[in-house]
């Protein structure tokens, strides 16, 4: 008997399984091929094909079918967010098929959620647990904008309803110029007009007396101590100038528990150097602080912020700030204009926990900390 020929177009035989008369010839768990008519088994399909001729069973054609074994998830290590992209870190096991000397390859991989879903892992308990962790992480981190708006709107509506339900509605206050009895208006229109006119005159007369007394007392005070008034005005002007001057209260030190810089509002160039106006920083205790005026030298002395600042404002802007720092020029307008988060819940000098911030702001800060 002549042996059946195998088509020449076959190139990859690592995962190929032969068919016999249209039936798939599956290897056993011992990676051998069992004859259907006798208890003999073979390590390859070709000896089985030759053996079939002894049973007067001719195999005319051998059809090759490629079946890629699915990889498995052995262990889940972490699920995290980096720059608004979610990743999963797992140990995978990729089988190489029954004809390979190496049975499988185990390796630790970092996959994005999209890459993970495209791999087509085997549906095991570890795989199901990994998918569940990914879905939970997706819900609480980097939620879509429409979901965030819906969440904030529902929260705002619930607060308004609680205020309306529990806050007593005050009674309508009556002015002293109006009569105490509402029946008087309906009963006697002319009497009400006379009462209103009299009340208006008495009120106007009392207001005139009060205004005259107030003006006279102010005038007497100014005439008695003109030097004291001038000094107070000068002190007020100085305080106002200190508030408006970006370099007046610039701090040259940072909090000790500072971790990273999140955002910067603006930078000013003065004769004393470059100062940052409103800088949002993160701390080790999972909080954020909005600092008022900070010297650029204080930021540069912090090793972590010095390396991170070019990523926040850009390499070109960072180089320009270093030039202004050397020249020490007085420039009225800011030399750099940044953007603070719109949903920032704190003011200058205040601190808030990340979990008390909006989901979008919390995810943005954590992505910066992870980078």
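Start at 1 and count along the chain as shown; that gives each residue its number.
The backbone N, Cα and C atoms fix where each Cβ goes, glycine too.
No curator has checked TrEMBL annotations; they are predicted automatically.
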Given ranges 152-171, 172-191, 192-211, the stretch to which TrEMBL attaches the annotation region 'Disordered': 172-191
Matching range for TrEMBL feature annotation, region 'Disordered', among 1-26, 27-52: 1-26
220-250, 251-281, 282-312 - the one TrEMBL records as region 'Disordered': 220-250
Helix-strand-coil residue split for the domain 'C2H2-type' (33-55), DSSP-based: 11 helix, 4 strand, 8 coil
Average model confidence [pLDDT] within the domain 'C2H2-type' (33-55): 78
